[in-house]
Amino acid sequence: MFGALIKKLVGSKNERELKRMWPIVERINQLEPELVKLSDEALRGKTAQFKERYSRGESLDSMLPEAFAVCREAGKRVLGMRHFDVQLIGGMVLHSGKIAEMKTGEGKTLVATLPSYLNGISGKGVHVVTVNDYLAKRDSDWMGRIHKFLGLSVGVIVHGLEDHERREAYAADITYGTNNEFGFDYLRDNMKFDLDEYVQRPFNFAVVDEVDSILIDEARTPLIISGPTEDSTDKYYIIDRIIPLLKRGEVIEVEANTLSGKRKTYTGDFTVDEKAKSATLTEEGVLKVEKLLKIENLYDPRNMEVLHHTQQALRAHALFKRDVDYVVRDNEVIIVDEFTGRLMPGRRWSDGLHQAIEAKEGAKIENENQTLATITFQNYFRMYERLSGMTGTADTEAEEFHKIYKLDVVVIPTNRPLLRPDFPDVIYKTEREKFNAVIGEIKELHEKGQPILVGTISIEKSEELSELLKRQSIPHFVLNAKQHEKEAEIVAQAGRKGMVTIATNMAGRGTDILLGGNPDGLARQEFKGTPEARTEEFMAAFMETLSKDLPEKELLQSLEREYPGIMPVVASCLKQEGEIDLEELEQQVLAEHQKQFNLLVEKNKPVCAVEHDEVVALGGLHILGTERHESRRIDNQLRGRSGRQGDPGSSRFYLSLQDDLLRIFGSERVSMIMDKLGIEEGEAITHGLITRAIENAQKKVEAHNFEIRKHLIEYDDVMNKQREVIYTQRKEILAGNEIRDSFTGMMEETVGDIVSAYVIDRTPAREWDWQGITDSVQKVFGFHLDLTPDLMDRITPVNFEETLRTTARERFQQRLTEFGDDLMDHLIKVIMLQVIDAQWKDHLLSIDHLKEGIGLRGYGQKDPKQEYKREAYKLFMDMMLRIREEVVEKIFWVQVGSEEEMEQFELEQPQQRMVFNLVDEEAASAPAQMPSKSKRSAGRNDPCPCGSGQKYKKCCGK
């Protein structure tokens with residue numbers, strides 16, 4: 001009560017934030033009349049002035065009003081788009097490192113240009129992050145025109161670019177790209193052997209579009225770079241064959257003499273918990289599996305892998321559905337994104353689950369991969385100096401954004417009032433009744449011409465609904481993961497009169513639905529693509545036709561049919577000698593294509609305008625949801641496709657008690673309400689109690705998913721600190737910063753490690769583990785300890801350690817004299833990197849194994865999280881010790897042969913490698929002598945034995 005009164009008097013936090021920004025909007029508006037008078041050159045010159053002021057120490061914050069005003073003026077001149085006042089506020093929110101919640105159709109893409117331009121002035125780099133390659137390319141081409149006009153450079157990162165192209169794109173003032181590409185580039189950079197090969201710069205400022213999708217929906221999916229293992233795939237087929245023989249059971253509560261008066265009993269061979277997405281064998285099931293696989297004890301430590309793969313096979317059969325969670329295409333299992341409905345080729349479930357599903361579907365089983373590098377989006381984006389984001393739906397997840405990313409959400413008011421009524425949910429008892437009602441409403445609205453966007457939560461449901469519409473002869477488009485190539489094209493026209501579009505979840509997100517149709521989209525359909533794409537096609541066809549050596553007339557005629565109106569351009573570029581400047585031709589063809597395309601856009605504008613008015617009169621775009629998603633935010637995103645920029649529209653959800661959400665999380669409560677109200681089969685109910693019960697079910701799931709993500713980040717934070725240590729160490733090595741000192745430090749720490757392991761404090765030296773000491777010193781440093789009885793009586797742990805250190809330093813000085821400073825520094829650098837990378841890879845595998853079994857610690861009354869932190873730390877310290885020892889050992893033993901001895905290396909390589917292994921194995925017990933130089937030899941053009949990846953003549957053979 002008191003809180004509500006305070007809120008009424010001083011306003012909510014959001015209102016106070018907006019109130020603070022309106023005076024700045026006024027200042028920006030006051031600058032507009034002066035900027036309108038400037039020529040294009042003078043407006044562009046403002047950027048150079050801003051850069052000069054920034055270099056003199058002026059802050060970006062103080063330049064914000066002027067920079068935003070300049071960017072707005074450029075938008076008017078280049079794109080014919082003027083930023084609204086509320087968009088200026090959105091830009092300020094982003095610049096301040098917060099999340100701007102802006103409703104669909106309010107121009108988020110245009111808003112991003114404001115903070116991008118302002119922060120681009122610093123030259124430190126701005127990353128504009130989108131969810132897919134299409135949007136990254138579209139936005140860099142479209143909005144990038146504003147930045148280029150103002151003199152800033154623009155790059156785009158999409159799949160398939162070479163390293164030099166990526167480096168160039170990251171060097172730009174503003175770089176557009178996808179979250180996946182940014183994350184993988186970071187991991188790839190930290191696996192490289194040369195700082196000059198890095199593509200990314202230090203992380204400065206990021207604007208994340210669809211921030212909820214990337215930072216929340218994707219948060220449970222770590223980015224992983226992996227390499228294949230050699231394990232056999234037969235085990236997956238063997239286990240998969242027994243799963244259909246197991247009977248699914250239930251968990252039943254029976255009366256018992258316990259505190260609660262009840263106990264759980266299990267039927268069948270396994271039970272399934274759909275909330276936790278887990279499947280568990282019962283006692284009967286364990287016995288049956290042991291019998292079928294002919295093993296004595298499934299829980300024997302030697303059979304833990306069999307148990308693990310059996311549980312994953314159970315999950316594959318009981319919890320993962322084809323055309324819902326994945327599709328099978330060309331004998332390959334491809335994951336479907338549960339939030340967008342898009343296919344995710346290249347992504348794989350970990351922990352053997354993907355292989356279990358491949359076995360279930362009879363698809364080719366790919367080997368399990370070993371992790372080489374990994375990071376979660378949560379930890380990747382927390383590395384930016386300043387992070388901001390925008391979306392249509394963030395307020396429901398405001399708590400999570402603040403707790404995990406320290407990001408506040410500011411809700412931006414709409415430019416025009418929202419006119420879309422969201423009708424109450426309609427609930428039926430069965431899915432069949434629900435679909436009959438959905439078809440009835442679609443038919444009714446379609447007959448009067450109102451466009452309808454139907455939202456489904458899976459490919460399976462969208463195709464089922466499509467079949468029902470076909471039976472009613474209702475024309476429609478289906479947009480799901482199987483048609484994602486046409487996604488933007490179909491969604492852009494979903495607002496046309498009489499259009500029925502079925503879309504899986506948020507497919508087509510990022511594309512505006514204009515009532516009456518999109519003139520630009522219609523022009524693309526008629527033109528068979530964009531001017532740039534058609535020009536690229538034409539140039540390829542032209543070069544192919546040229547290769548056929550046809551006479552000039554025939555050449556022009558063959559192309560005229562496919563590219564009408566282009567031949568006069570070709571003719572004008574042909575010189576008298578029959579030569580042609582291809583670069584000039586491409587520019588001329590692009591100009592002609594742009595002209596033709598613009599004519600088509602202008603032709604479609606009046607058609608769309610008339611249709612727009614008709615659709616508005618019919619009530620705008622109607623959103624028809626066929627099932628509630630686990631998250632209210634996803635439902636709000638679907639609703640948000642209608643009612644953009646003050647357009648009319650409406651939305652309604654049709655549900656049934658058989659829907660997953662209600663069946664798993666809320667059916668008892670809803671079913672009880674329906675029974676009390678006496679709902680018969682075929683009848684629907686619309687009631688506030690039901691709506692609240694559904695919202696409560698969604699809140700439960702959201703809280704559950706938040707806990708999972710929080711749990712993940714708490715575990716990954718441990719790895720994140722370790723990753724930072726390793727990657728920082730790698731960078732310092734690559735930069736060559738005091739590399740000799742680093743090695744000397746490793747060498748002295750290794751001496752300390754040996755002393756700690758074998759020397760016992762406060763005991764006579766004769767009782768120390770001298771066998772362990774001499775073996776270790778011989779193995780690592782390559783010298784033999786010659787200890788006299790007299791020395792043994794006088795030695796102490798302190799002077800013994802100092803003696804070892806002195807001897808090791810002298811031995812290293814000998815190696816330095818032998819190799820020379822430059823070669824030794826190069827060897828230290830390469831060997832350090834090789835050892836760190838190999839040990840880090842093994843460490844990641846150990847961490848994976850630790851994660852798999854850590855949950856069982858709970859049964860021993862131990863906190864799994866604390867146990868994980870403790871054991872992960874121990875594993876990390878053990879790895880650091882191994883790194884030190886291996887680096888020191890390799891430096892003390894490595895040999896590079898003379899140039900004359902290298903020529904036989906290629907022929908002898910397999911045998912030589914065998915010898916190297918033997919030499920390494922024998923080194924521990926051999927007397928202090930170096931391996932023969934002839935044992936490591938390479939030809940001038942062979943890969944250098946040091947492992948740098950370069951040819952020997954350009955590396956150690958210089």
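Yeah, the Cβs are placed from backbone N, Cα and C, and that goes for glycine too.
What Swiss-Prot annotates here:
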- Gln87, Gly105, Glu106, Gly107, Lys108, Thr109, Asp512: ATP binding site (BINDING)
- Cys944, Cys946, Cys955, Cys956: Zn(2+) binding site (BINDING)
- 923-958: region 'Disordered' (REGION)
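On the structure: features taken from Swiss-Prot.
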residue	record	CB count, 10 Å
Gln87	ATP binding site	27
Gly105	ATP binding site	21
Glu106	ATP binding site	24
Gly107	ATP binding site	19
Lys108	ATP binding site	24
Thr109	ATP binding site	18
Asp512	ATP binding site	18
Other residues with Cβ within 8 Å of the Cβ centroid of Gln87, Gly105, Glu106, Gly107, Lys108, Thr109, Asp512 at the ATP site?
Met102, Thr104, Leu110, Val111
Taking residues Gln87, Gly105, Glu106, Gly107, Lys108, Thr109, Asp512, which bind ATP in the record, the widest Cα spacing (Å, whole number):
17
